[in-house]
Amino acid sequence: MGETEAKSTNGALHTHSSADSTALASPEDQPPICGPQHAIIEKSILPHTLPASTVAENLNTHLDHGLSSDEAAARLERDGMNTIKTSKGPSLWEIFLAQVANALTMVLIAVTVLSFAIDDYIEGAVVAAVIVLNIVVGLVQDYRAEQTIQSLYALSTPKCKVIRNGVSDTVKAETLVKGDIVALATGDMIPADLRLIQGINLATDEALLTGESIAMSKKPEAVFQEADMPIGDRTNLVYSGSSVTRGRGTGIVIATAMETEVGQIAELLRQEKRDTTGKSPLAKFLIKAYTSFRGIMGLEGTPLQVTLSKFALLLFGLAILLAIIVFSASKFNISDEVLLYGICVGVAVIPESLLAVLTVTMAVATKAMVKGNVIVRQMPSLEAVGGVTNICSDKTGTLTQGRMITRKVWLRNDLEGSVTGAGDPYDPGSGTVSWSAPLAGSVLSQFLTTLTLCNNSTVTDGRKEPETDSSSVTTANDSDSQWRAMGEPTEIALKVFAMRFGKNHSNGDELLAEHPFDSSIKCMSVVYGNKIEGTRTAYTKGAVEVMLTYLDEDEKFKGDILAKADSLAEQGLRVLCIASKSMSDSQAEDVNDRAKVEKNLKFLGLAGLYDPPRQETAGAIEACHGAGITVHMVTGDHIKTATSIAYEIGLIKKGMDLPPNAVMAAADFGALSDDQIDQIEYLPVVLARCSPLTKVRMIQALHRRKAFCIMTGDGVNDSPALKQADVGIAMGDRGSDVAKEASDMVLTDDNFASIVTGIKEGRRLSDNIQKFLLHLLTSNLAQVILLLIGLAFKDGDNNSVFPLSPLEILWANLITSSPLALGLGLEEAQPDILQRPPRSLRTGVFTKDLVRDQLVYGTCMGSVCLMVFMLVAYAGQGFVDLNTGCNTDGGGQCNLIFEARATTFATLSFLLLVTSWEVKHFHRSLFAMDERYSGPLSVFRTIYHNKFLFWSVIAGFLITFPLIYIPVFNTEVFKHRGLTWEWGVVAGGVVLYIALIESWKAVKRAFGLGVDHHPTGGMTV
């Protein structure tokens, strides 16, 4: 096949084609399985180098009778069950610890302890309730997600046919042991790694292991000399997890469980991220302790997790600093009252409801994603996917459908047909066939007959086949039928093409002989006879380069055939040659002689097949480019096929000048050192003939460029890269269990376009997190400004008078702000959300624009609150000492302070309500925020559009009045009292605040502050 083997610097085996190789791909262009050569579990024998009889002897089994039941039971007891050891997901206890072990929760716990320590039981109980709410919501959501993903694991208890005691029996695959004799038939899943004993026309689909969409033909009789030959070239072996696409056979179990090739890849996923091989016990302990500490502190994980953990630690430090400032103002004469004030200031700087709001918002977004066919296993990964810069996607079954389709045919007399618009590869009525010339006088009928008869696949919609004129060129099919197929993908594609024209049976002809497909001969022939007419006809299909020698055509015509085959191959198609001939009565004895059947054939045409892209893939790729995201195709398929698909789905633009390394073979990529890879300006957008380790190396190269990566895939061979990626996304329908185990998210419909939905949802979530962060932090900054400057408000005993009581602070932070922040978390996506570049991973959600706005909003809000307190407390009497005892007790002498405090509380509450509408957009005015609405009354439609937020504002407004006016409750609990003329001060403060914020937004628009620059799309790395 013109292939050579090369070792990469990382030890992986790669295969590349020589310069003269083409994609004249017969189904036998078998790529080597480039699995990890440093196998975790070494097999004790090399069965591909030994005859089956020797393997049976080494395993103490009998080729015909198999093991005895007693021996099988003993081996099962010794070796264990034939199951892949994958994690069953975190336990309920582990999920609970994950909710507790984060920096913000630790800070809240510290606040609770201090509150109870100074006998402030109300405040301590409120913060404790917040902690419990955070933990419960996160625990329930994560546990439900894990239970959902466990239900997706497809291979529950598969069964297989095994020969024991000389009798065929059906047993659970998990009870297989080494030495068992397993019988295989078309459609069977292979339960363990087997050394084949015998096989008839046997081929297996190893796409989940190799990424190759073409079935691999097997040679049970082959014995190889090379001990370390690529696994895919060991055609006398079949592998666990693959399926039989045609033929039948038997084999000896040579490896089970973790010793299988699938098991060895699964073992890679169980390794620690930090390799401690060769380290001393002390070094291992220190590494583990360091990793655990970073985990508890929240310094490991997605950008949002790390950012919020760092933010919580910063706030904790700031709270301590502010408390020290309060204590220093009293010259460290710390009475209970001073200590309480210090804690109030510390509490004011901490957004207690942040975790609760964040958790609930993510839970709501996760449920929305489930409706969009995406299951989120880890809630933070949903936000993380919104910041992705690069997607590395497997081709087979992800970008493409993982099924073959006959795309083009070329009949003799230069008649070409093309299939377009085929959505379902199994549905003969899907799409249309167009021809370059009229069909009259063509060999189409003989061509279709050959496709139908020289074929062992089955395609059906589950109903009785209609009688159809074989010469018809159209087929009427019920579009609602559910089409199913069994067999080798290439033969299914040919059968479906024939069925487009009503060809699906032999018209009464009898099969006289079959010469099955063989990888050395690369063709298949059948001979059919009609007893009534006394005719015999041979039908043959095979690789072009082989079939040319069998054709009874002149050299010029053969040259034309080869040139056309080359042309189709350049389009990424796998090309088969179709031929037939009539056999006379004198040749009746020749039907069983393959050499005589396969000579002097009449050329009928060429069939070009390919694995079609999913219908939604091109649009999804375009959306990714528009969002500034680079998509890389990493596949085990041929470089020409991969490149052709890349052009078809828009991954590479036609007519675009490509960088030198835009398309690379894995062998060339693997031959480069890390330094050489880092010197490449753009990493390849198409990386063909990949091994699992090549995909991992690609992810690592992107990480060195500070990229944030998604890896998508469905095969076992994708699993190590899924784990290495920042966000691993597995396919839920046809994806392997190992891939699902390694992933952060699972697409239940295997739809690449769902990833774009996930990215959009992630960006919407990120935007909304910024909105409610701005809202919460504005409140915190305003309170800090108010309380710090409030140190100057002294009573007769030289104690500071609280502008806000401790419970008022908690009420504003928890009761007033939380529903507003949650409402902001439910904001719909901005129309241009997929036309913006990914956010900076360095800044995360805390962008310069967010910090700047928070400082302006918080300063304005704190200043207004400070102003209204001073107006009420000092109006008419000047800046004098206030009455004593008004922080903890009430009384007639405290009426003025209580009224000032109530005015400040009402103002702060109303400003928080207004701010929730202002932060819906960081630049647009509240009075012209939504482009869909215009006119002087558009503001009302804007604020009502998010109904949850609207009613949260209304509820917050209404509940303020009873808090201020209910007797005893207001003075004893909140330390304030009812207002009269002071409502005018409150209204004036709100109007002033709105004017300040609208003026700031106008400045931002005028100077372009915080405006994202739109990407041009395409390659960004």
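Glycine is no exception: its Cβ is also placed from the backbone N, Cα and C atoms.
Quantities reported herein were computed from a predicted structural model and do not represent experimental measurements.
According to TrEMBL, the region 'Disordered' annotation covers 1-33 (among others).
What TrEMBL records for 7-24 (among others) is compositional bias 'Polar residues'.
If you look up TrEMBL, you'll see 46-120 marked as domain 'Cation-transporting P-type ATPase N-terminal'. For the domain 'Cation-transporting P-type ATPase N-terminal' (46-120), the model's pLDDT averages out at 81.
Residues or ranges marked as transmembrane segment in TrEMBL: 95-118 (among others).
Feature annotation from TrEMBL assigns transmembrane segment to 124-140 (among others).
Summarising the annotation, TrEMBL assigns transmembrane segment to 311-332 (among others).
Outside the transmembrane segment (338-365), and at least 6 residues removed from its termini, the chain residues within Cβ reach (under 8 Å) are 102, 104-105, 107-108, 111, 114-115, 118, 120, 123, 127, 130, 133-134, 137-138, 141, 308, 315-316, 318-320, 322-323, 325-327, 330, 379-380, 382-383, 761, 764-765, 768-769, 772-773, 776-777, 779-780, 783-784, 787-788, 799-800, 802, 804, 806, 809-810, 813-814, 817-818, 821-822, 825-826, 887-888. Marked as transmembrane segment by TrEMBL: 338-365 (among others).
For 458-482 (among others), the entry in TrEMBL reads region 'Disordered'.
If you look up TrEMBL, you'll see 469-482 (among others) marked as compositional bias 'Polar residues'.
According to TrEMBL, the feature transmembrane segment maps to 772-793 (among others).
Feature annotation from TrEMBL assigns transmembrane segment to 809-826 (among others).
Packing against the transmembrane segment (855-876) from elsewhere in the chain are residues 774, 777-786, 789-790, 793, 803, 882, 896-897, 899-901, 903-904, 907-908, 911-912, 915, 918-919, 982, 985-986, 989, 992-993, 996-997, 1000: each is 6 or more residues past its ends and has a CB under 8 Å from a CB in it. According to TrEMBL, the feature transmembrane segment maps to 855-876 (among others).
Residues or ranges marked as transmembrane segment by TrEMBL: 896-914 (among others). Sequence-distant neighbours of the transmembrane segment (896-914) (same chain, 6+ residues past either end, Cβ-Cβ under 8 Å): 775, 779, 782-783, 786, 801-805, 808, 811-812, 816-817, 820, 861, 864-865, 868-869, 871-873, 882-883, 886, 890, 953, 956-957, 960, 963-964, 970-971, 974-979, 982-983, 985-986, 989-990, 993-994.
Residues or ranges marked as transmembrane segment by TrEMBL: 948-968 (among others).
Residues or ranges marked as transmembrane segment by TrEMBL: 980-997 (among others).
Each residue in the domain 'Cation-transporting P-type ATPase N-terminal' (46-120) gets a DSSP state, and the totals come to 45 helix, 1 strand, 29 coil. Non-local neighbours of the transmembrane segment (948-968) in the same chain are 811, 815-816, 819-820, 822-824, 826-827, 902, 905-906, 909-910, 912-913, 916-917, 974, 976-979; each lies 6+ residues outside the stretch with a CB under 8 Å from one of its CB atoms.
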